[in-house]
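Q: Here Swiss-Prot flags Arg45, Tyr179, Lys185, Arg305 as substrate binding site. Swiss-Prot lists Lys185, His204, Gly220, Leu221, Ser222, Gly223, Thr224, Gly225, Lys226, Thr227, Thr228, Glu269, Arg305, Thr431 with the feature ATP binding site, giving sequence analysis as the kind of evidence. The Mn(2+) binding site annotation in Swiss-Prot covers Lys185, His204, Asp241 and rests on sequence analysis.
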Amino acid sequence: MTQANNAVYTDISAAQLVEEAIRRGEGELAANGSLVVRTGHRTGRSPVDRFIVEEPSTKDAIAWGNINRPFPADKFDALWARVEAFNNAQDHFISHVHVGSAEAYYLPVKMTTATAWQNLFGRCLFIEPEQYNPAGKDEWQVLNVANFECVPERDGTNSDGCVILNFAQKKVLIAGMRYAGEMKKAMFSVQNFLLPERDVLPMHCAANIGEAGDVTLFFGLSGTGKTTLSADESRYLIGDDEHGWGEGVVFNVEGGCYAKCIDLSEKNEPVIWKAIKFGAVLENVVLDEERVPNYADDSLTQNSRAAYPLEHVEKRSEKNLGGEPNAVIFLTCDLTGVLPPVSILNNEQAAYHFLSGYTALVGSTEMGSGGGIKSTFSTCFGAPFFPRPAGVYAELLIKRIKAFGSKVYLVNTGWTGGGYGVGKRFNIPTTRGVIAAIQSGALIGAETEHLDIINLDVPKAVPGVETNLLNPRNTWADKAAYDEAAKGLAKQFIENFKKFEVSDAIKAAGPQL
């Protein structure tokens, strides 16, 4: 708890960080006690500004391309020195946190930020350990200086902002970025590169535990329901977004949640609603005159967010981890209305759909996607965060599923009765009913019906869910239109899957024409 003379605030309390943020005009307090900030022209992640330093340890291990862009080591050193010197000349904030809750797999991180609110954000999302780095591991450094402006011609960046990962030096440089989600996802990408070397599968998923100790994983892209569906009052939350699956354990990479706020309601999302209080950060949420958040207002962005520590969730796993998963759920938001509310997958189908990562970008977290909705394929349900070739993660998933005997399901949180604009979206209570049936074990060994074209098996009955919803063809008034839509979706799957070199058994597990 030191405050140096040159205004370097080190490991000060969350309350003090809120105080400093208010004092510096970085944000304002909402009626619910949370700190409300605006992130400027970037209200989501900026994938075109993210780089990985190319050096001997990464050169042959990373799937280089549009997602993982190489950055020269000498340019990195020059830019780090420039940003560090700039930051040292102004007040800044330092916190010492962990990334990874399991003792064997945590990374100690020295997090330096130019703003108090981004330091508070990091304290919400990363893990505040009782003792910092007890194992004496090599320390990672995150340097996040939002008010530094990069000069592309000089710095080698793509714009005025950048996110650069350097594995050789254990450094993450974030400059010119006010959207704090960049910091969280940068450290996730670091763990996603490192964990497979330890035979641990890193996952873009939520996880919770039942009273009996049974664990459920929810894979899915932003807006498909990971945070909402894992925040279940009848179960204990492990985490809402980033986990590792090793032998005997599923552990949270983080110590907090980053929930989408658009149209948030106490009725539909009571756990999240209650968690947004003093110590939490609201990004790009509009307040009324009484300082009450208006979660329906998307005038700043569809991607408004709440960051809060897991301590704000009443029912949570105290250790921030659990055993291996009984149920693995792939959440997909299907815009075509073709996919059923729930399908039961075998191991080959699990590999196929994990590699495909079919879903929609709903109120996307990425810059430039706007409020529009479009279909996408995102490998491993999180392509932007997985630096290694996709096969590395798929092989680990199948290895883990086989070893533990986890059951795998594909759950559609998107449209039924027609595509987007014609049909309607499954409501949250219906999807919660599907999840409850999965978690109760009611679908294990259930009688199924096979759906041709999309090549999926659906249960004939799901407790608590209307039977006529289970086969999506039945929900369409025009059956021929459904068949055409199914063929169209199958074509998309087949086209996307051409890039993967996998066994014939896995190829045959997807949609067929």
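Heads up, the Cβ atoms here are built off N, Cα and C, so glycines get one too.
Since we're looking at a predicted model, the values are computed, not measured.
Please situate the listed features within the shown structure.
A: Around Arg45 (substrate binding site), taking its Cβ as the centre, 25 other Cβ atoms fall within 10 Å, counting all chains. The DSSP secondary structure for Arg45 (substrate binding site) is strand.
Mapped onto three states, the DSSP output places Thr228 (ATP binding site) in helix. Its Cβ taken as reference, Thr228 (ATP binding site) is surrounded by 24 other Cβ atoms within 10 Å in the chains shown.
Long-range C-beta contacts of Asp241 (Mn(2+) binding site), restricted to its own chain and to partners at least six residues apart, with a cutoff below 8 Å, comprise Phe188, His204, Cys205, Ala206, Lys226, Thr227, Glu254, Cys257, Tyr258.
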Q: About how far apart, in whole Å, are the alpha carbons (Cα) of Thr228 (ATP binding site) and Arg305 (substrate binding site)?
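A: Here the two Cα atoms lie 13 Å apart.
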Q: Looking at the binding-site residues Lys185, His204, which one has the fewest other Cβ atoms within 10 Å of its own Cβ?
A: Lys185
Q: Compare the C-alpha of Thr224 (ATP binding site) with the C-alpha of each of the binding-site residues Arg45, Lys185, Arg305, and give the closest one.
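A: Ranked by Cα distance from Thr224 (ATP binding site), first place goes to Arg305.
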Q: Please report the three-state DSSP label of Lys185 (substrate binding site).
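A: Reduced to three states, the DSSP call for Lys185 (substrate binding site) is helix.
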Q: Which chain neighbours of the Mn(2+) site, leaving out Lys185, His204, Asp241, have a Cβ atom within 8 Å of the mean position of the site's Cβ atoms?
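A: Other same-chain residues near the Mn(2+) site: Lys184, Phe188, Glu242, Gly382, Phe385.
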